[in-house]
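K.L.:
The structure's right below; bear with me while I get my questions together.
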Amino acid sequence: MLTCFKAYDIRGKLGEELNEDIAWRIGRAYGEFLKPKTIVLGGDVRLTSETLKLALAKGLQDAGVDVLDIGMSGTEEIYFATFHLGVDGGIEVTASHNPMDYNGMKLVREGARPISGDTGLRDVQRLAEANDFPPVDETKRGRYQQINLRDAYVDHLFGYINVKNLTPLKLVINSGNGAAGPVVDAIEARFKALGAPVELIKVHNTPDGNFPNGIPNPLLPECRDDTRNAVIKHGADMGIAFDGDFDRCFLFDEKGQFIEGYYIVGLLAEAFLEKNPGAKIIHDPRLSWNTVDVVTAAGTPVMSKTGHAFIKERMRKEDAIYGGEMSAHHYFRDFAYCDTGMIPWLLVAELVCLKGKTLGELVRDRMAAFPASGEINSKLAHPVEAINRVEQHFSRDAGGGSHRWHQHDLCRLAALTCASSNTEPVVRLNVESRGDVPLMEEKTKLILELLNK
């Protein structure tokens, strides 16, 4: 059994869970199951990504698949390459923000559609585990070619903004020594070539699989100091930080204050609806009051289950122009409904210039109107029992109602879920209120006490 196969992707500890042999088997299984003619491959900066990618390529070639290798890349560059070239699929070797001794893969088929549990991943897993493939036919073996799509990708990114709208901006960008660095360099060069008055202050921009400044995961408060400090030191207008494969971007205002992804969803939704009144916007259920309030004014909010596969599927079904999750995943119809970490900050930078306001000013009223706890993770030995304690407490208060308490619309437990981390279960808590910070903080504190009782 291959334990590296998860619900939506492949992730495992290097060695027993994921190695070159397993990578070859995954490539062979992908080829045998989908029978693609050509697919694109890429890999992040991790020290094992290149060898795993080449083993994956060999498996694909042995299955008769032509492989186009775009080199070191972010996950969204694989999405872009897949739909831009019109090939049959793509695979990115990445462990994103997982620990150093992990790696993984994200798989898509034609049109950059995700391959997850119920859309082919279990089939690939079954074939890889069986490891019973027909002999390699050397006359039909696939070809391998290295290609460079960076310029075409940057062209696409710049299609989302009008550079003429940009006024003088100073932006701190922290690539976290991940795969974003070369893309940031290419964007900087494009700004200069177009005469845009944008200065980029680059932090930890050099790709380094040793991650000398720690695994880049700005969702964690302890990973935000370098970006915050650089914004303050340089008097920047905004800070941007990426995770390892830059499919998420995290924003900081002009004071170095981290802006929860939840409010960026509302900000981007509002920007899209100004240009596309009546459009549909997809959001996840964890925190939603602000997003629904913004979208209802000019469009149609549509709630989706949390998770990239669900969001993308719902966006296609609804023909939604944009979708956002509070976890800093942002999805765009014109990006094949995929998530990208580069497009959001470009749009927000343009918005700051168009509105003549700072990022802090753009989100301040929304943060005051709908204060939220942000997602709080608690690693607990007995998570199910802990969640039951919370449910029982509030069902008593509500006379037997569910733990999505306080239907009086002042405050709600937006989400309380149990998820698996790499080592132990984690309970994720989100609380939001309508304009009442003390109430939100009081309920958050109470729930955390109940969880840890």
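Numbering starts at 1 and runs along the chain as it is shown here.
The backbone N, Cα and C atoms fix where each Cβ goes, glycine too.
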K.L.:
Looking at the Mg(2+) binding annotation from Swiss-Prot, with Asp243, Asp245, Asp247 already listed, which candidate in Ser73, Ser96, Ser395, Ser433 is the matching residue?
P.N.:
Ser96
K.L.:
Return the count of C-beta atoms lying within 10 angstroms of the C-beta of Ser96 (Mg(2+) binding site), excluding that atom itself.
P.N.:
25
K.L.:
For the recorded Mg(2+) site formed by Ser96, Asp243, Asp245, Asp247, which further same-chain residues have Cβ atoms within 8 Å of the site's Cβ center?
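P.N.:
Apart from Ser96, Asp243, Asp245, Asp247, the close residues are Asp44, Gly74, Thr75, Thr94, His97, Gly178, Phe242, Gly244, Phe246, Arg248, Gly341.
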K.L.:
For the binding-site residues listed here (Asp243, Asp245, Asp247), tell me which residue's CB has the most neighbouring CB atoms inside 10 Å.
P.N.:
Asp245
